[in-house]
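A quick write-up on the structure given underneath.
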Amino acid sequence: MGYLSKLVTSVVFAIPLASAHLAAYTPGMYCPENSYKGTLTNATDPNLVVFDPLYNLPGDSWFLSKGRNCLLAEPTGVWEIAANTIISVPWANWQNSTGYYADGKEYNERPIPYSVTNPEVIAEGLVSESKGLASPNLHAANKSTAAGTAIAISYESNIWAVTMDTLVVISTAPQTPFERLANYSIPDLAPCKECICVTGWVPDGFGQQNMYMAAHKCKITNPTGGKIPKTPSSVPGPGVKGAKQMIAAFQSEGNNVEWNGGEVVPTYSTRMGYLVGAQTDIFD
């Protein structure tokens, strides 16, 4: 495929914005108000908002959006996830979002189909300079080019103890984010009163090549028992089986996947070994 997977040892807005990017919003989200509101001024990421992209950052800055001090902006609740179900998660720019699309617009408030090839979309100025849809900023030309998003879990209650090795991707949702709500099939996970979940997205073109990562305090329920995913998780890549890490790419250090311009983009899809939907191989 042209890209090489390898470990690198070095390791506030109240309303939606048309130009904004996207994050997954849950009751357990760190930076629930979109950014850290404390008095510290030691941020190492020039982008301070949780839905902004992560790009060209050192490992301790991009991982879990630490460089934005999001780990100091505690969640206001807990994200409860039931194993062996399908859950819906909003991708948006603000908490308690509404609408069919992530910018708050309903289905009938956008041209149908919502695609850059639709003359109505072009006429309304909804095509970005990077040839993708401009609002919301989906890094996609239409639903079929939406790269896919993922949920990962670490069976750690202390977020400061979470590492890439303890995180395991548990579900992917192809052709997301596009609509505001993305649906994820959850595998047979063991119960967990307090774990750390992480949502991620790697766009496939239509703008700067970057990634997104947001942390959440989560709780897993499963009346039938379930299992804990195998760790340490493996670096994702073509044909990789079993429990896999999240994708870390396009950063100055700490990448687990190296990418050069013109190569196939590593996304949360089968091209990096992920299954579609529930990652049922994570217990093998």
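Here the Cβ of each residue, glycine as well, is placed from N, Cα and C on the backbone.
Copied from Swiss-Prot, the annotated features are:
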SIGNAL    1-20  signal peptide
CARBOHYD  Asn42  N-linked glycosylation site
CARBOHYD  Asn96  N-linked glycosylation site
CARBOHYD  Asn142  N-linked glycosylation site
CARBOHYD  Asn183  N-linked glycosylation site
DISULFID  Cys197-Cys218  disulfide bond
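Overlay of Swiss-Prot feature records on the structure.
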| residue | record | Cβ contacts under 8 Å, 6 or more apart |
| --- | --- | --- |
| Asn42 | N-linked glycosylation site | Asn69 |
| Asn96 | N-linked glycosylation site | Tyr25 |
| Asn142 | N-linked glycosylation site | Pro113, Tyr114, Ser115, Val116, Thr117, Leu133 |
| Asn183 | N-linked glycosylation site | Ile86, Ile87, Ser88, Val89, Ala173 |
| Cys197 | disulfide bond | Thr26, Gly28, Trp79, Ile81, Ile151, Ala152, Ile153, Ser154, Ala215, His216, Lys217, Cys218 |
Count the other Cβ atoms sitting within 10 Å of the Cβ of Cys218 (disulfide bond), across every protein chain shown.
-> 23
Where does Asn42 (N-linked glycosylation site) sit in DSSP terms: helix, strand, or coil?
-> coil
